[in-house]
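Below is one structure, written out as structure tokens, with a few remarks after it.
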Amino acid sequence: MDTAELTPNSPEPRARDVTATLTKIYLFTYNLIQFLGFLWIFSSMTVHLVLEGKDSVYHTFRFCWTMMFICQILAVFEVINPALGLVNTAVFPVMVQVMGRNVILFVIFGSLGEMQTRVVVFFVFYLWSVIEIFRYPFYMLACIGLEWRLLTWLRFTIWAVLYPLGTLAEAVAVVQSLSIFDESGLYSIPLPAALGQSISFSFTLKLYLFVMFLGLFINMKHFISQRRRHFLRRELKVD
């Protein structure tokens, strides 16, 4: 059928409208769920800190791990959504961030009981949650074509400060875990007797430290470009 023959009431435009509406509903719901999850983590940590004082930081993993696991499992959709063309963003920078967090959460904190009572867990979880309680509402409003300028400014300003701090906290967690992996032999790669006993997983993590800061550079470059484009578009609309 020639596109010139399509009318507003023809099936094709209606199908596109329905698809666009369902996509908006899905994205809004996803961002809402993630926002509520990270808001719960942030609120829970804050309440425990106020009521229990500094001792609560040693128990952060115990009362937050379930919700954080759920949020990070759902974060896989952050990679799937742009891959399917549902959102207009680059896949690789998002994948770097999601996979990086999952290494810290599931491999280091989730696998090592000794790490779960370290102070670094508090700082990693707190920085992650503060970033996300501004990011997800920004995307929620974008789904319905709205923008709150204060929220936009916070989303593009706080992230630029907290993301490097979060990466630094993650690096501290990696460094603290090295000796534990060496002693436990967890995830070590066995070798033939002629070559030696095994390759400790800490060697992989040392390489990962380099990848982590490379990922920081990639994501900061992507973020600065994203920030520049967003505010440029807004200035052009005003003009």
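Even glycines carry a Cβ here, placed using N, Cα and C.
Straight from TrEMBL, the features:
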| type | residues | note |
| --- | --- | --- |
| TRANSMEM | 32-51 | transmembrane segment |
| TRANSMEM | 63-84 | transmembrane segment |
| TRANSMEM | 90-112 | transmembrane segment |
| TRANSMEM | 119-138 | transmembrane segment |
| TRANSMEM | 158-178 | transmembrane segment |
| TRANSMEM | 207-224 | transmembrane segment |
Outside the transmembrane segment (207-224), six or more residues from its ends: residues with CB under 8 Å to it: 90, 92-93, 96-97, 100, 103, 156, 159-160, 163-164, 167, 170-171, 174-175
Folded-back contacts onto the transmembrane segment (63-84), same chain, C-beta under 8 angstroms, at least six residues removed: 27, 30, 33-34, 37-38, 40-41, 44-45, 48, 90-91, 94-95, 97-98, 101-102, 105-106, 109-110, 116, 125, 128, 132
Result, the transmembrane segment (158-178) in contact with the transmembrane segment (90-112) (3+ CB pairs under 8 Å): yes
Outside the transmembrane segment (32-51), six or more residues from its ends: residues with CB under 8 Å to it: 57, 59-60, 63-64, 67-68, 70-71, 74-75, 122, 125-126, 128-130, 132-133, 136-137, 140
